Amino acid sequence: MDGSGSWDAIDWNQIKEPRPPRSSSRGMEEFLLEDEEVYAQGHGVVLLNTDEAGILSVTNFRLLFVSQATKGVIELGTIPLTAIEKINDDVKLQPLPRQHDKKQPRELLQVIGKDMRVIVFDFLPKTKQKNEVFDALRRYSKPTHLWDLYAFSCDPSTVYQKSDPKMRLLKEYHRLFRKWFPHSGSEFEKDLRNEWWRVTKVNSTYSLCSTYPSALIVPRSISDEDLLQASSFRSGRRLPVISWCDPGSGAVLASNTDEKLVSDLCTQIIDATGSLRKLYIVDARPRANALANGAKGGGSESSSNYPRSEVLFLGIQNIHTMRDSLFRLRDYVDAHGSVSSNGTSSAVSLVGDRRNRGSTWGGGNLNSMTQFSSTLGEWLNHIQSIMVGASWIAAQIAQESASVLVHCSDGWDRTTQLVALACLLLDPYYRTFNGFQALVEKDWLAFGHPFAERMGVPTITDNNGGSQFELLRQPSLGTLSNSPNRGALGSSVSTSNTTSGQSQSSNNSSPILLQKFLVDFMDCVLSCRFGNFLCNSEREREQSGAASSCHCMWMYLADLRASGGSFHKHRNPFYDPLKHNGPLVPPAAALAPTLWPQFYLRWTCPIESQGGDLESQLHAMNKKYTEAMKAKDATESRAKDIKMKMESMQLELQREKRASSSALAMAQRAQRESVAIRKAVRSLGCTVNFATNESYVEKTEGLTYSFRRDTDAESQHDKNSDFSVSITAIEDSLVSETPSNHICESLCPFRTREGCRWPDEACAQLGSQFVGLKANFDAFDRLSVQDSYFGSE
């Protein structure tokens with residue numbers, strides 16, 4: 001998957017206000033991310049939702065809660081700073097039965113998140129910890145400058161840059177036109193067009209429209225001059241553009257309206273009979289809102305102005321209605337969840353868990369929510385309106401080869417939702433990981449959905465075309481009123497602690513897609529940890545250098561999937577790409593949405609949010625299977641290592657056996673040779689004494705000879721341990737004057753019962769010129785005695 005882009009980064013030397021100095025990590029080193037540092041900290045803090053004590057830290061990225069018991073990060077109590085919507089230090093709760101000292105005042109701090117969580121922390125009384133944490137949250141959760149965000153804290157040299165988003169958008173246009181994507185720069189200068197449409201670069205410097213991408217698909221018959229002229233009459237200069245086109249039929253999905261473009265769409269011929277293409281003009285707003293907007297000078301189309309055209313109103317409410325509806329849903333699930341911010345559990349949730357093991361929520365059964373059907377039904381009706389509208393748009397394009405023009409008030413909220421979801425239904429490529437990235441980058445990022453404005457984070461704008469940047473902080477649209485359920489928890493803090501009123505509108509598209517992939521996706525967007533979704537347009541992200549200075553979310557998600565293999569939770573195990581290799585047009589009966597438990601209930605009903613649907617159970621089984629396979633691979637690896645070690649030990653043992661056998665054979669041979677020497681020497685009438693040089697040798701007259709064996713076995717002995725052989729001749733005085741025959745019979749080893757073996761030879765006689773010893777030396781020479789036993793003097 002492609003990484004982040006490689007734009008020219010902003011000159012950091014021009015930033016006059018440096019970041020505030022950072023404090024130490026305060027003992028949190030093992031829990032902090034790269035370049036994350038602690039600004040404030042509280043010890044002995046209790047998370048009332050779970051009644052768990054720990055250390056609460058405010059860093060430059062998040063509110064971090066580490067359990068005192070498990071020494072691990074508690075996910076519920078850990079939230080990115082940019083995902084915090086409100087903080088409240090004036091919280092009123094009913095006394096709880098488990099509270100030991102009811103007279104002791106409680107130091108409570110409430111944090112409300114944009115991701116449906118409401119958490120309350122209880123600080124130690126009579127300390128300054130709560131004030132320290134509260135002040136740090138109030139300061140750092142609302143950064144003043146764009147580069148104060150954690151995404152800009154990394155070293156730009158560590159940012160992986162593979163391609164830039166503008167290049168990826170051109171690559172997607174080539175795919176839509178079924179054209180080969182060139183890899184050389186000169187090829188990009190060539191026009192990309194077919195018989196109906198073309199890609200124009202008239203907005204390459206964003207002079208045509210600052211919130212549109214640098215490359216646009218427009219009708220081939222419309223010139224760049226016409227586009228420049230038409231944009232001057234449009235709100236925000238957002239002229240009609242084409243988001244998706246069918247290369248086979250020529251049908252398009254376009255946004256916003258313009259008379260000349262609409263006329264061009266209506267006059268297209270689609271077959272040999274000369275039939276004109278049908279055009280549907282879809283207004284996402286309720287009819288009453290569109291008419292009221294028209295009375296104020298806003299846009300609204302009539303089918304009577306164009307041949308073969310039809311206008312349809314979808315009745316989707318504006319961002320303010322959506323936001324208030326989502327807030328009421330959040331208040332409800334917090335008040336009635338099994339894990340509530342007031343420290344108590346809901347009886348309804350507990351009963352559902354005991355009886356159905358989570359099916360009450362996860363399976364879509366709404367019986368337990370009957371009394372609050374208006375709250376839930378209101379939100380689900382909004383989701384259903386978007387689903388029905390997108391499905392209807394996809395059906396007209398797929399079944400009638402009609403073109404559809406979608407617009408609303410501004411063309412970057414409801415229009416983006418409808419166009420993106422319709423593209424997902426029409427084109428199977430967008431249902432892949434790479435395709436989903438291309439879809440989001442095209443319809444949400446390139447076409448200017450105001451992420452910074454909707455999330456309440458700062459952005460930049462060019463000041464009079466110069467190089468200096470000023471902050472663009474959008475005001476809140478509408479009041480942030482609390483529901484009656486929220487009243488029990490106290491009122492909110494001042495407006496400085498409240499996020500933009502539009503911060504949740506970008507979430508409206510998430511429940512429509514119903515993919516687990518979007519849980520991690522939405523967490524990444526809300527955290528502002530990556531540079532992909534900062535600012536309000538492609539132009540602002542290019543000016544800020546976000547792509548070249550911040551890490552890429554797509555790379556992070558790709559790494560998550562790589563770590564989980566083919567069973568990762570981002571993958572839909574029920575989707576068959578061969579079966580669904582074309583447009584998806586679901587019937588109306590299938591467009592009845594249920595609550596998205598993995599996102600809306602994960603904080604308040606963790607068991608129900610994961611265990612109630614078949615897909616979750618399958619992912620849980622796949623996770624266990626993956627863990628078992630990893631354990632199996634690790635065990636096999638260890639067994640292989642043990643086997644190799646055993647084989648090595650066996651080889652060593654065999655070598656030792658061979659060496660032992662060789663030494664034993666040499667010892668046996670030495671013993672036999674020693675016996676032979678004894679016999680040979682005794683035949684001379686001498687006595688033989690074998691000993692080492694440490695042994696005592698009797699001092700008798702005779703001949704003593706020492707030598708060293710040249711063998712492998714002896715090489716292991718000490719160098720001074722010589723083997724000695726002492727040979728002592730018998731003195732003449734010991735020789736009796738017996739006849740020679742007696743001498744031969746008693747001493748001669750060559751005499752047998754038949755007589756002397758050599759009767760013709762001189763008989764051996766005792767005595768010599770030295771000691772009176774005489775011997776048959778010729779017979780002695782024929783003995784089998786090796787010379788190696790006698791060394792040279």
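Cβ coordinates are placed from backbone N, Cα and C, and glycine is handled just like the others.
Annotation comment: TrEMBL describes CYS408 as active site, phosphocysteine intermediate. In sequence order, ASP283, ALA284, ARG285, ILE316, ARG414, THR415 are the residues near CYS408 (active site, phosphocysteine intermediate), counting only same-chain partners six or more apart with C-beta under 8 A.
If you look up TrEMBL, you'll see ASN293, GLY294, ALA295, LYS296, ASN318, ILE319, CYS408, SER409, ASP410, GLY411, TRP412, ASP413, ARG414 marked as substrate binding site.
When Cβ-Cβ distances below 8 Å are used as the criterion, the coiled coil (632-659) is approached by no residue of the same chain that is at least six residues removed from its ends. Residues annotated as coiled coil in TrEMBL: 632-659.
Sequence annotations record features per position, and here TrEMBL assigns compositional bias 'Low complexity' to 490-508.
Per TrEMBL, region 'Disordered' is recorded for 1-27 (among others).
For 478-508 (among others), the entry in TrEMBL reads region 'Disordered'.
Note on the coiled coil (632-659): mean pLDDT across this stretch is 92. Shown in sequence order, ARG285, ASN289, SER409, ASP413, ARG414 are the residues of the chain, 6+ apart in sequence, with a C-beta less than 8 angstroms from the C-beta of ASN318 (substrate binding site). Close to TRP412 (substrate binding site) in the fold, though at least 6 residues off in sequence, lie THR211, ARG238, PHE447, GLY448, HIS449, PRO450, each with a CB less than 8 Å from its CB.
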